[in-house]
Structure formats: C-alpha cells, structure tokens
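Pulled from Swiss-Prot:
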CARBOHYD  N43  N-linked glycosylation site
CARBOHYD  N66  N-linked glycosylation site
CARBOHYD  N96  N-linked glycosylation site
CARBOHYD  N140  N-linked glycosylation site
CARBOHYD  N152  N-linked glycosylation site
CARBOHYD  N227  N-linked glycosylation site
CARBOHYD  N252  N-linked glycosylation site
CARBOHYD  N312  N-linked glycosylation site
CARBOHYD  N320  N-linked glycosylation site
CARBOHYD  N338  N-linked glycosylation site
CARBOHYD  N389  N-linked glycosylation site
SIGNAL    1-19  signal peptide
TOPO_DOM  20-450  topological domain 'Extracellular'
TOPO_DOM  472-503  topological domain 'Cytoplasmic'
TRANSMEM  451-471  transmembrane segment
Amino acid sequence: MNRVVYGLLLTLVLNVVRGQSFWPALSSDSLIALRSQRDVLSNISIDKVPMVGVQLNEVAFRGTSNETESLEILASLLNVGVQAYMMDIEFDESYNLTISGSDTSLGTTLSTFKRFISSSNNYLNADMLVLLLRLKQNTNTSTKGAPSNFPNITAILDLYLGSSTLYTPSQLAYDRSSGNVAPSYGNLNSPDWPSLNYFLYSIQKRAVVFYVDTASSDALQSPAIFNASNLNYETSNTPIVCPLTNNAQVLNTSSLSWRFLQKDYSPSDIREYTMCGYSPIIDNKYNPNSINTISNVLENSLLWSWASNEPNTSDDTRSNSTSLVARRCAVVHYTKSNSSSYWTVANCYDRKRALCKRDGNDFEWAVTQEGASYFSHHDQDGNGFCPDNFSLSLPQTALQEKSLDNYLSQLSPEGWEIWIDLNSVSVPDCWVPDGPYASCPYQKEVSTRNFVSMITPVSVFAAVTILMLIMLSWRRVPIQDNRKRWKRVINSHLGSKAEGVPA
C-alpha cells in the first residue's frame, strides 16, 4: 500500500513540474520562449506580427458532432498559442449563424474566445487574436432575397466576444490620423497599423476580425469587421515565392499586410513558409482521435526564434574562456549546411561577435569585427563595435530572421554564434532587449509566478501527506480492537509465574 501511495505522490509531483511541449498544453520552457518572442515584437506593427492559425472547421469541428469536444479542442489551441482562426460560417434554417458543417452557433464559439481573453488579460499572457470569417452558401438558405432575416453580426460580436476587446476600422482611422502607428522601416509602401505594444497595452485590445472575401462583407455588413481588401489571404493554389533568397524578395513580401497562407502543412514545410513571412493557416484534417498529432506541426511553426528546448539557462558548465558563468544572454546560432539560424542561450562572459542592424532599416545587418562579452558589447551602447549608422539589435520577426540568414550565408561562417540584443540578466525568464540593465516590464508577475512554481510541488507533497495521516487516523489500530482479550492473556501469563525468591 505504501508503494502505491508514494507512487501516486511521485506522479502528482512530476505532473506539476513537467508538461507536454505543445499539446494539449505548453511546457514551462515553451511558454517562456513564446512570451519572449511576443515581447521582441512589441514595436512591430500588428499587420506584420507572425502568427500561427488554423482552419477551425477542419481542425476542431470535423469528424465529431460533439460540441463539447470541439470547443475543448478550440480551448487547447488558444492555450498553446495559436492566434489566427479561419471560420467558415453559414445560416441554419432559422437564419442563425453557425459554424459550417456543425450545429454549433457562432455565438457559442465566440464565447470560448471570450473566456480565454478574460483569463489571459494581463501583462504576462495577453496577445493578439485574429478571427477570419467567410460566409458559405448552403442548400437550406440563401443570402439573396431575405436580408431582413439576417442576424446582426455586430450585435453577436458585442454579446459573445465583447466590443471592448475588438480593434475596429474606426479605431484604425483614428490611430492613423493621430499618428499612433508603427514606423514601416524598409517598406515605405506598406499601410500603417499600430504597434503590438500600443494595441495590447495602450488601448488594451485583444482581437481583430476580418472577412476573407467581398461576398461575406456584402452579405453581413458590420462596422466592427475589416473587409478583405486589408488582407493578403492566400491558399495552396496560389503561387508563393518561397524560399526568399535575396533582400529584394524579402522587401517585396514585407510590403504586404496581414499575410496568411492556408494549406495542408507537414512539420517540415511549415517552418519554411513561416520564415518566408507568411502566417500559416493549418488546413490539415483532424478529429478528436488524431488532434494530438498537431503537436509536430505547431512545434515547427509557433517558435520561429528559439531552438528546441530553449531558452535553457540551467547548464552551469564552466566556459573554456572564463571562469565566470552567467547563462542569461542570447545568441543566434547559424548553421551553414542548411542556411538557417536559431536562438540559444550562452554564457554572457564568453567572447563573441555581436549582431548589428542599420538604423531605420529592418533588413540590413552587420556583424562586429571584434569579439567581446555580452556586457562589453553593451558598454556605452556598443560604441566602437558596430559600424557607423548601425546599432546592436536582433531579428524581431520571422522575415527579419530570414533576411539575416541570407546575409550570413554570404559570409559563409561555419557554426557561428553571434550575440543578439536579448538577455534575462535583470529577472530570470524575462527576456528583454536594450542591454543588461534593461528592466523587466512585468517583474512583479514573473516573481509571483516563480514563487508559485517553487512552492507548488511542496504543496502537493504536503497535501498528500496530510491526506495519508487523515486516512490512518480513521483506521483503528488492531490492538485497540482486542484490548480486553490481550488484557486477559497478560493477566494469565503473570499469574502463572512462581511466587517467592528463587533458590
């Protein structure tokens, strides 16, 4: 029995400490990596933010008539970091909007998004969601001849999602007229949109809704929804230039807003399209029995920045070049054989070259000629290391990372590790740019989270121990049950002893 109890205890503790990487929940390392990736995007305009999406009809609602199962899959997709959701919607016989191919109403589906937004509406976890709608024709109803029967989709969004969370065309017009937009370095022809930081924290919005075709916007007009002219929504039938092998191709792609590519992806090709500047819309067909296989596709697309199992700060191996160890600084590791790069954690005291970016251009790079520690590169803002008109920097989007790969391929380095402007020196697990003295924007939340993660296993152990003690207190000890019988045995034994002093 003791083995069973302690086995249960060990399982509980391990389940608290560990977690699956990308499905149905994020491991702690994956969560930290995604959060740092979001933070380096803070000054990027929201139309250029790389994200991963799904065709919700195929991924969550296909192969089941169980509404609860489908909505649980949607909740898991939200929790692991999927941000864009393509939804085919249609009218039922009563002209209610439903998810095409299911009996689930659009309002019920939006309620799942609303619950997620409410639970993640804090500095630590907030991120942008994009909803992409397409109204489909069915045999029971028609969008022609009965417009008075159509539901008010603006009212549906307000009731089930919340208008306060939505970024609308009128808000965009105001922000453009007020200058609340992000600069478009390197792509002057790109339309202006606000930065992710302004979107999430200044005006506290969480979602943008688009129609993907003009037929949908004509049938269901709404001041809360952007029309298809704002999108660059491509499918597998559209010829796409990928991979991007030169800066001219990179700049052409960067000028496009809201770049989405819907197709059936494999784990191997989804990263390539992500690095080409497109946000993939996963069109793979899943059902409740196979949905766990989406993990491999998500792993190769959600994180375009960090390598697998990074950021890993736990290795305390001494450096060959210094006796000091502080694994709190990031490098970009370039692999010549496949012309690709990932971020990894390195000892801040190691001597390495550093990455510089031209001021006012997101796609022009340089590498310092001299190697130095991370701290030395940031002394006096790195003066003397970067070329003129360049500053210490890092790739902020997947497309910028691709342009960096193209630049490094011309230098032909073999296994280079180059400092990028990213560190967690100030607060563990809070990765920030602007040098080692930069403060963590959510230091209080991180400290609280670290404290909770530290005491949770202990709390579980204590709870199980208390439970065992309570169980033992309910179970009566056998000698108490047979008290009278044992008393008679003892008295009989004492009476049988010989009296007097032995000779």
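Residue numbering: from 1, along the chain as shown.
For all residues, glycine too, the Cβ spot is worked out from N, Cα and C.
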Candidate nearest N312 (N-linked glycosylation site) in space, where candidates are the glycosylation sites N66, N96, N152, N252, N389 and distance is Cα-Cα: N389
Separation of alpha carbons, N152 (N-linked glycosylation site) and N227 (N-linked glycosylation site) (Å): 16
Separation of alpha carbons, N43 (N-linked glycosylation site) and N252 (N-linked glycosylation site) (Å): 21
Intrachain C-beta neighbours of N96 (N-linked glycosylation site), sequence separation six or more, cut-off 8 angstroms: S105, P151
Cα proximity to N389 (N-linked glycosylation site), best match among glycosylation sites N43, N66, N152, N338: N43
Rounded distance in angstrom between the Cα atoms of N338 (N-linked glycosylation site) and N66 (N-linked glycosylation site): 44
Cα separation, N43 (N-linked glycosylation site) to N66 (N-linked glycosylation site) (Å, whole number): 41
Inter-residue C-alpha distance, N43 (N-linked glycosylation site) and N152 (N-linked glycosylation site) (nearest angstrom): 35
Least surrounded among the glycosylation sites, given as N43, N227, N252, N338, N389, when other CB atoms within 10 Å are counted: N338
